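Engineer: Below, the features straight out of Swiss-Prot:
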- CYS407: active site, phosphocysteine intermediate (ACT_SITE)
- CYS1120, CYS1123, CYS1144, CYS1147: Zn(2+) 1 binding site (BINDING)
- CYS1136, CYS1139, CYS1166, CYS1169: Zn(2+) 2 binding site (BINDING)
- 1023-1055: coiled coil (COILED)
- 780-795: compositional bias 'Polar residues' (COMPBIAS)
- 831-854: compositional bias 'Polar residues' (COMPBIAS)
- SER8: phosphoserine (MOD_RES)
- SER610: phosphoserine (MOD_RES)
- SER629: phosphoserine (MOD_RES)
- 645-756: region 'Disordered' (REGION)
- 780-800: region 'Disordered' (REGION)
- 827-877: region 'Disordered' (REGION)
- 1004-1008: motif 'PY-motif' (MOTIF)
Amino acid sequence: MGEEGPPSLEYIQAKDLFPPKELVKEEENLQVPFTVLQGEGVEFLGRAADALIAISNYRLHIKFKDSVINVPLRMIDSVESRDMFQLHISCKDSKVVRCHFSTFKQCQEWLSRLSRATARPAKPEDLFAFAYHAWCLGLTEEDQHTHLCQPGEHIRCRQEAELARMGFDLQNVWRVSHINSNYKLCPSYPQKLLVPVWITDKELENVASFRSWKRIPVVVYRHLRNGAAIARCSQPEISWWGWRNADDEYLVTSIAKACALDPGTRATGGSLSTGNNDTSEACDADFDSSLTACSGVESTAAPQKLLILDARSYTAAVANRAKGGGCECEEYYPNCEVVFMGMANIHAIRNSFQYLRAVCSQMPDPSNWLSALESTKWLQHLSVMLKAAVLVANTVDREGRPVLVHCSDGWDRTPQIVALAKILLDPYYRTLEGFQVLVESDWLDFGHKFGDRCGHQENVEDQNEQCPVFLQWLDSVHQLLKQFPCLFEFNEAFLVKLVQHTYSCLYGTFLANNPCEREKRNIYKRTCSVWALLRAGNKNFHNFLYTPSSDMVLHPVCHVRALHLWTAVYLPASSPCTLGEENMDLYLSPVAQSQEFSGRSLDRLPKTRSMDDLLSACDTSSPLTRTSSDPNLNNHCQEVRVGLEPWHSNPEGSETSFVDSGVGGPQQTVGEVGLPPPLPSSQKDYLSNKPFKSHKSCSPSYKLLNTAVPREMKSNTSDPEIKVLEETKGPAPDPSAQDELGRTLDGIGEPPEHCPETEAVSALSKVISNKCDGVCNFPESSQNSPTGTPQQAQPDSMLGVPSKCVLDHSLSTVCNPPSAACQTPLDPSTDFLNQDPSGSVASISHQEQLSSVPDLTHGEEDIGKRGNNRNGQLLENPRFGKMPLELVRKPISQSQISEFSFLGSNWDSFQGMVTSFPSGEATPRRLLSYGCCSKRPNSKQMRATGPCFGGQWAQREGVKSPVCSSHSNGHCTGPGGKNQMWLSSHPKQVSSTKPVPLNCPSPVPPLYLDDDGLPFPTDVIQHRLRQIEAGYKQEVEQLRRQVRELQMRLDIRHCCAPPAEPPMDYEDDFTCLKESDGSDTEDFGSDHSEDCLSEASWEPVDKKETEVTRWVPDHMASHCYNCDCEFWLAKRRHHCRNCGNVFCAGCCHLKLPIPDQQLYDPVLVCNSCYEHIQVSRARELMSQQLKKPIATASS
């Protein structure tokens, strides 16, 4: 026998149970056109007639020339072949996808592949949710993705929290029964059941034998103001024999009695401000309660008549008696009233939805659209559901009566009515957290059969059990959101995502049929939760119109004419504009747009245009000409198409271009990465043949700056765009070219007010505080270095070093560098691809590129020398102080990423994001993250909302996306106020890419990929509201910066003022004058005169020395003062001992003594206060050094 070793099980990881399958390609040169998720593996890849098609274990991806289809496999309802060459794919959310093939054989082959991929699973592990969770959990901390797996604390402790929130009297009136522990009574009910306190478990067992599926009447909601409760159950099993059950009748009437014994705040004289109730009715109830309050609980008035709401029609209820069911008889249930709502069963709803899908898949503009939509009866079914919920809400709120809701089995129409009524009654369920609790408690805990209704239950072939019940309920919530847009914390995108993942099987939330099955299969621990994606801290799903203080009871209009078709789900392609296509021109006129973006700061320079056609600008056959200035850059690129074709799927069949790096590096395959972005004004001026205007004459403070900046740094500060070329390893101009540019800078033309003395003083103060020692190590690609070592340049904008960029812009743009900081440099290792308006793709060679941009290839060796001498330097950032660059360039958290959703140019808190490719990916893949963002933290894929081109294409062997460097707040503003970011998780391997233009509308619908790998739902209204909010935050931040700059300017003025005259003793002279006879200057030596003489030598006293820092209370701070991340159990609050504000641990982790606060030991301070204290100490030391020679000379 061989050597004995440890058991092999110790070496098995969870992801090893789900190994990726081998990829089958129809052509060897094809590459996967999307970025896979954790555990996702592409199994088939080939070409259709006009598209690229791929099937993974999670999704079907079809890349057309002008669109992309991205559908999870479990969302596909049926696949069939039509017209011999066409695949007709029907989805469970009513979408219909058609894909054409060139041959009948190929069509049948892909039909067979897709049919096998979408077949019912043989075992639960065949669902992708298990593989996704296993691959999200790695052995190392870097591979952990637990934030994608676990729900929040409000989900785990929802039952206890709900009982406390609704104010149940668990001592005298109600009790929590554990009769269903381990699901021994009813597998489709939760383990804890709320019943009246005098109902015993034996009676509950007897009632369970009388109710269908043992689903007994239990209470699920209590109205806080009047104590009325909502209960739910299934139908009674009366059958044709007319069976009765005394315990069931007693339990139903006991619910009404318990509500009378546990009145709400109205009966006890509490607040009456909730809802739209009649004032006289509230006063009468309060008066009646005051008469009986002294006599105790026993003297409470008779219980209200309980309403039994049967969701079925009376005919259907009676017909169910033949199957052993039935309905309650009012004669047997005293003090009860039975009402039938006439809601259709699941078979009618399924047929209606199929008709709706057929209507939505017709031609875009059918002549009979309205009549066809009416014939589906989908809106009619929604109307009946809303009417039932409104009846329950009015009965509870206005009449104060308890309600018992049931249908046949109690797991389809019953949760629809109960959950919708709770949304109408309780504003908590209209919040993000409350809505999640509502879905968990009323749908999942009470056994809605998601596995059967959604069609992903294993070994079930009966299609009659499939029905979009939950989708229909979400549609009704969408109708409420349309009618009450200010009363819901979540937006439409939240509901659309919930629809997608009800069927996607990416998360385990909606797997299995009841909680008993989920617990037996350990689904909660083996799969991720959808609430991790739809968490409350994700600002992508926040409704910016939400009014949190409103507690109004909703009374919606339920008529069919007031309802709307949910186009975001049923007709997603009908939306008039996507976020990738829309820009500020949709909302603002050209004049208003200019004022919106350039007028927020009085000293911001307007953006100018240097060429009419960016496409012809890249053509060397046409000379570069300068045109008149125009601040509206977006208006001149309307006809440009965004090239979204991957490099491997050129429709013309052109070969992949190989470009020589120019410095002896290996050749790299470059894909079709679209058109070059619109260049900012200064970069266009640099590329044009016209000279620049000089800034040196705008203010005498420029000379002061020149004297303060070291010579080595002054060579890098001639222009923002030139500086960026030097930062990102592109060939830099030689010193002679820079001198020429410096002599010809007069073309820009800036008013004198744009170069105030404050900028010089501010920049000088930064030079003094930095001592020119905080240098940023910018990552470079080793293959572009002549010596094979990484080159590093110095981005001045990340230091406190002044440059002409500071003079070109206002004080506010010191922290918001121009878009050139994000523009891709002209790099010899990048093949620039251009596409003319007709759609043909042309490749511009390396030599043609450089010929149109003269004097850019000189001085590369000089850059390499300067870059290599800066290794190991520290980065001095106003937010973090001095620290190694690696600590600053770090991936941000998931909660921080959610802050940047569709904020345009106003991303006010950004420290760094990471984009890489999953481990094991051996081939370059195109990251279709045009506008939105998905993230895989810790060396996995991360995408940020907004235009993000960080991974348009990449090579595993060193081709990464360039890092976007910026100053303190770290965001980069592109032309027209849009953002562009390039992200990399490997700072030492960076290469340039050519992004797609940001502001050019495209007929190609872009992909907004989220954490789930699916397109992000677009909402132009919420997008505009985010822009408005972000603009407000930016204005506030600019005002804060201006205040800080003004304070620093005043401090420097006091610090740099000439020293006062040394104090001398004039007391003898004054005494002589005072004692002399006939002196008229007797008052000259008074105390007032002495004060006037010595006033100039007084040191300024800071107000903080006489004030006590008051801390912001914990309950008033829900978000970090700096990064605006939300506090929760794992993100605690930290007070800064200097300013008193509340921060998270990342923004408040440094310690310093604060003598001004009598804190002589190091205490916790925020990053900004840390820097301020450090600067103040350095200024005090400098002042002391200046006073020493003066005191020596005077002595």
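Cβ from N, Cα, C; glycine included.
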Engineer: With an 8 Å cut-off on Cβ distance to the CYS1120, CYS1123, CYS1144, CYS1147 Cβ center, who else from the chain surrounds the Zn(2+) 1 site?
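Structural biologist: Here the non-site neighbours turn out to be HIS1119, TYR1121, ASN1122, ASP1124, CYS1125, PHE1143, ALA1145, GLY1146, CYS1148.
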Engineer: Should any of the recorded positions CYS407, CYS1120, CYS1144, CYS1147 have a Cα within 10 Å of the Cα of CYS1166 (Zn(2+) 2 binding site), which are they?
Structural biologist: CYS1144, CYS1147
Engineer: Starting from the Cβ of CYS1123 (Zn(2+) 1 binding site), draw a 10 Å sphere and report how many other Cβ atoms land inside it.
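Structural biologist: Step by step: centre on the Cβ of CYS1123 (Zn(2+) 1 binding site), count other Cβ atoms within 10 Å, giving 21.
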Engineer: Quick one, of the binding-site residues CYS1120, CYS1136, CYS1144, CYS1169, which Cβ has the fewest other Cβ within 10 Å?
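Structural biologist: CYS1169, out of the binding-site residues CYS1120, CYS1136, CYS1144, CYS1169, has the fewest neighbouring Cβ atoms within 10 Å.
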Engineer: Please report the number of other Cβ atoms within 10 Å of the Cβ of CYS1147 (Zn(2+) 1 binding site).
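Structural biologist: The answer is 24.
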Engineer: Compute the centroid of the Cβ atoms of CYS1136, CYS1139, CYS1166, CYS1169, then list the same-chain residues not in that set whose Cβ lies within 8 Å of it, in sequence order, for the Zn(2+) 2 site.
Structural biologist: ARG1137, ASN1138, GLY1140, ASN1141, PHE1143, CYS1148, VAL1165, ASN1167, SER1168, TYR1170
Engineer: Identify, among the binding-site residues CYS1139, CYS1166, the residue whose Cβ has the fewest other Cβ atoms within 10 Å in this structure.
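Structural biologist: It is CYS1139 that, of the binding-site residues CYS1139, CYS1166, has the fewest other Cβ atoms within 10 Å.
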Engineer: From the Cα of CYS1144 (Zn(2+) 1 binding site) across to the Cα of CYS1136 (Zn(2+) 2 binding site), what is the distance in angstrom?
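Structural biologist: Cα to Cα, CYS1136 (Zn(2+) 2 binding site) and CYS1144 (Zn(2+) 1 binding site) are separated by 10 Å.
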Engineer: Just the number: how many Å between the Cα atoms of CYS1144 (Zn(2+) 1 binding site) and CYS407 (active site, phosphocysteine intermediate)?
Structural biologist: 49
Engineer: Measure from the Cβ of the residue listed as 'active site, phosphocysteine intermediate' and count the other Cβ atoms within 10 Å, all protein chains considered.
Structural biologist: 28
Engineer: Between 0 and 100, where does the mean pLDDT of the motif 'PY-motif' (1004-1008) sit?
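Structural biologist: Mean model confidence (pLDDT) across the motif 'PY-motif' (1004-1008) is 42.
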Engineer: Using Cα coordinates, what distance in whole Å links CYS1169 (Zn(2+) 2 binding site) and CYS1147 (Zn(2+) 1 binding site)?
Structural biologist: 10
Engineer: Between CYS1120 (Zn(2+) 1 binding site) and CYS1139 (Zn(2+) 2 binding site), what C-alpha distance do you get in Å?
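Structural biologist: Answer for this pair: 14 Å between alpha carbons.
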Engineer: Any idea what the Cα distance is from CYS1139 (Zn(2+) 2 binding site) over to CYS1147 (Zn(2+) 1 binding site), rounded to a whole Å?
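Structural biologist: With distance taken Cα to Cα, CYS1147 (Zn(2+) 1 binding site) is 13 Å from CYS1139 (Zn(2+) 2 binding site).
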